[in-house]
Structure formats: structure tokens, C-alpha cells
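Report on the following structure.
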Amino acid sequence: MVKRSKKSKSKRVTLKQKHKVLKKVKEHHKKKAKDAKKLGLHRKPRVEKDPGIPNDWPFKEQELKALEVRRARALEEIEQKKEARKERAKKRKLGLVDDEDTKTEGETIEDLPKVVNVRDNSERAFYKELVKVIELSDVILEVLDARDPLGTRCTDMERMVMQAGPNKHLVLLLNKIDLVPREAAEKWLMYLREEFPAVAFKCSTQEQRSNLGWKSSKASKPSNMLQTSDCLGADTLIKLLKNYSRSHELKKSITVGIIGLPNVGKSSLINSLKRAHVVNVGATPGLTRSLQEVHLDKNVKLLDCPGVVMLKSSGNDASIALRNCKRIEKLDDPVSPVKEILKLCPKDMLVTLYKIPSFEAVDDFLYKVATVRGKLKKGGLVDIDAAARIVLHDWNEGKIPYYTMPPKRDQGGHAESKIVTELAKDFNIDEVYSGESSFIGSLKTVNEFNPVIIPSNGPLNFDETMIEDESKTQTEEEAEHESDDDESMGGEEEEEAGKTKEKSETGRQNVKLYAAESMLNTKKQKAEKKKRKKAKKAGADEEDLMDGDYDFKVDYRKNKDGEDEEFQIDAKIPMAGLLPEE
């Protein structure tokens, strides 16, 4: 037999065969398309055109306006959702270097005091807004964090309210009541009610813009009350405010000011009472920048106040960071607050929460958290600061559960009992407290909750040095205005003014600049020029008093003496038309 060739056959065909195949393929595709058209497989659905509103419709203009309003509202909701997505993306990227942080790296050392001054000015502005809220309010609600009520109290705020007058009444509001066990909530309410009226509250965590839910304190199933995102305690708080307006027979609306430290839930409280998102809220402290007025109804008006950060801690900045009074991104040293967290929390809980192996020190803990969460710098180095910010964020968000217990009071210190008895008549407290017990009983116990108990922090006070600096800055500004008006002083007065200006940085720079050789001092030149002008004018006035006759030529020369000497050389007096011709 003849062996078959191992070479591959050629794929070359004649042109007749090639065009025959192409024709058959074309006919096949044509037939398939025809069958699909008959069955209607690839037919596009017919878009029905909107006929619009007929012209004969009597309310066409009103309907068109309503459509425009709905369209604008839909666009606004889309923009708000975009902003919410951006905020969530920022939270996910927590710990990375922000744009503002990169800007500060490029700044010089001379620019750093300016940044500090801007921050101080904003804190002073918040303090002024607090004073306004206290002056305008009839009832002041101080919002406290139920996890650490004593640590989120500010005694200076309470003192300001008490000194504002006898018509100002302070009420303590224990917010975030769902984050603590039942035993701690009951003891804290008893402790605080010995000084002022205190109300328990849980803000709504729903995300829709309106119709936020409330849960009544008279619910049939108290065990299911805290499993929802609805608001709790709103009916008791409104009843408290209505009782006050009835007891004083106020015909006008009652103004309620809401004060407290940053991120205790002041804006969330207003949204929960209004049952709509009327005020911006967020987990970052300092979101509210100015006083905001919200009308709850025709009888109650709410005033939202920015959280005051002019605080003086008994310990260090780490304790203020753990109370979420400062932004985590702005902390210079985020590791030191994490050291405090490791002292308070057991290691087993942190190991199970972050799913890391056992650790020994703070650096080891942060190193393992950074490797698990993927926080790395350039070159594969572990970012310790980013891991510390993650832990701080979890602490402030409540992912690391903790609570405190109230301290024991001294037996002799019951000076506030008179205040409580007087306020009990105004607010009808017994009736309000009776309706509150149902949802407090629905809180989880210590065994069910299993949080970390930590020692209670002391109350915070204002930094008095910053308040004193504010009064000093006002006096310095007045002195600067006076020095600007007195530019014409000469000799010794000019040297004294120079000494006062040298205190500022710009004054010192100007002194060095004008002290150099071949440097023109414009201010000194202006002062000398004015001095010469005054001297010439005084001499001319003396000559006028001596001469009785008035001479127009002499008077014209006197007026020209006030001008620059450069323009007086060979200057002729235009007397044509004034004197008779000879």
C-alpha cells in the first residue's frame, strides 16, 4: 500500500467554490433573520409617548408647577445620596492620608501658628454661639452620652445656665440609652435626678428623609422595643416640655436650647423630635458650625448649638480623643489613645473582635491590626497610625461596647435637692418618669449585653486661658486701630508706636527691612512731609495775622507751598485776566 503523506492538505479552493460558500451563508443568515422577524424575537418594545397634560385641563398650570417641584426634589435627593456615598467612602478609607494632611506636610514652620490661630478662632466662635443659645432659651437640654454621662458633662456650661437667671431651667438628657445595660441606666438616672431632671432617650437611626418612626413608651411588647431603629423617649420629653409651658401659662412659644459636647447626638435629637432630617448629622465631631433654629410645632422651638471644644482635660489629650471631641483625622498622636483603650479592655475581647493572634504591647497590637486590614505604606511598610485610627473609630462608633457606673455621692452634699423640688413642680416630673419605666425595662441586662465596664471620667471644664486670650485680642485690635490713625506722629511718639508694633511678627520684619541700607522707608517719608507742610502753614498764618492788607499773589503762593517742591521750580502765577492792563 502507498503510504499517506504526512504533509497537511492545502486549504486553497477555487473562486467558484469560495463564492458558492459565501452565497449559501448569506442565504442562511437571511432566512434566520426572516424567521426571527416573523416570531418577533428581536423586536424592540414600542415606547409609548407621553401625551402630556391636555390644554383643556382646568388645572394645567398648577399641575405643571407640582411636576417641577417633584422633579427638583428628586434631583435634590440624588445629590444627597451622592454626598452620603462619598461620606461612606471616606469612612472606608479611614486611616489613609487626607488631602489636608498632605497640605500640612508641605507647609513651612512659619505657617503652622496661623493654622493654630484659625482653629482657636473657630472654637471661640462656637463658644459665642453657646452664649447666644443660653440667652435665647427658656429650657436648656444638656445631652449626655449614656456610656459615660459624667465624662460628657461640662460643669462650666451648667454654671453658665444657672448664672443666666432664675427663668432658665436645665434638663439632662441621657442619649444612646440602648448602648448600656439596664442596671447602669437605672443607676445613672437616679444619680443625675438628684441634681437636675433627667430623661432617657434613644435617637432614630433610620435613613429616610421624612416620617422617622417613634416607639411609644406604652408598647405592648417591651422586649422588641430596642430591636428597631425607631426613636425612644420622644413622647416623654415632649410631655416634659408641654408641662413646663402649662405650669408657667406661656402663651408664646417655648424655646428649647440643646447643648453638649461634640458628637453626643444633639442634631440627631432634633431630627428624631421633628421626625425628619432637617439638620445634618454625622459621626465626625464638629459637623454643626453655627446656631440652627427648628420649629417643632407652634408652641416649641428648638435651637441647635455647635459642640464646644474649648475644653481643659484633667489628664491629657488622649482622654478628650476617647470622648470623640476631636476629629480622628486631625490627631497628631493617635497611638496614645489606643494605649488607654488597651488598659481598659481585656485582650481576649480585642483578639476576637479584630480576628488577630494574641499580642503583648500596643505596637504589636497595631502591627497585627494593620496587617489584617491591609494598611500599608510605600514599600510595604505597616502603617501604625492608620491602624490606630481604625481602633479609635470603632471605639467611638460603639463597636467596642463599654459602659461606666456612677460614683458614690457624699452624704452631706445635697445642696441641689432644693433645685430638684422646685423643678418637679414646674415639669410635673412624677407623671413623666412613670411613663419612662417601660422602655428602660426593655434594656438588656449585663449578662446579655457583655460589655466592658470602665471607670467613669471626670467632668470637663472650659480652657480659661483661651477665654482670657479672646479679651486680650479684642484690646490688641483696638490698639492697632488707634496706631493706624496716628500715622502722623513724629519724633518720640513715632518711636513709641514702633515699639508697640514690634511686638507682632510683621512689625519685627518691617523693622529689619527698613533698618537695611539704601532702603526707602515710605512711612517715615510721609511723616516728614506732613511735618514740613504743617510748619510752612503755621508760618504763613503768622504772616497773615501781621499783614492787614489782602494780596491775591501772596495767597496763591501759600496754597502752592502745600504741594511738592519739585513742581514749584520756575512756576509762574497765571494772572491774565485778573489784573488791569498797564
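Residue numbering: from 1, along the chain as shown.
Cβ coordinates are placed from backbone N, Cα and C, and glycine is handled just like the others.
Keep in mind that this is a model prediction, so the values were computed, not measured.
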- Of 145-149, 280-284, 360-364, 445-449, which range does Swiss-Prot call motif 'DARXP motif'? 145-149
- Note on the structure: Range annotated motif 'Nuclear localization signal 4' in Swiss-Prot (choices 202-209, 522-529, 562-569) is 522-529
- Between the ranges 83-86, 107-110, 175-178, 579-582, Swiss-Prot assigns region 'G4' to 175-178
- Message: For the annotation region 'G2' in Swiss-Prot, which listed range does it cover: 226-230, 246-250, 251-255, 286-290?
- Response: 286-290
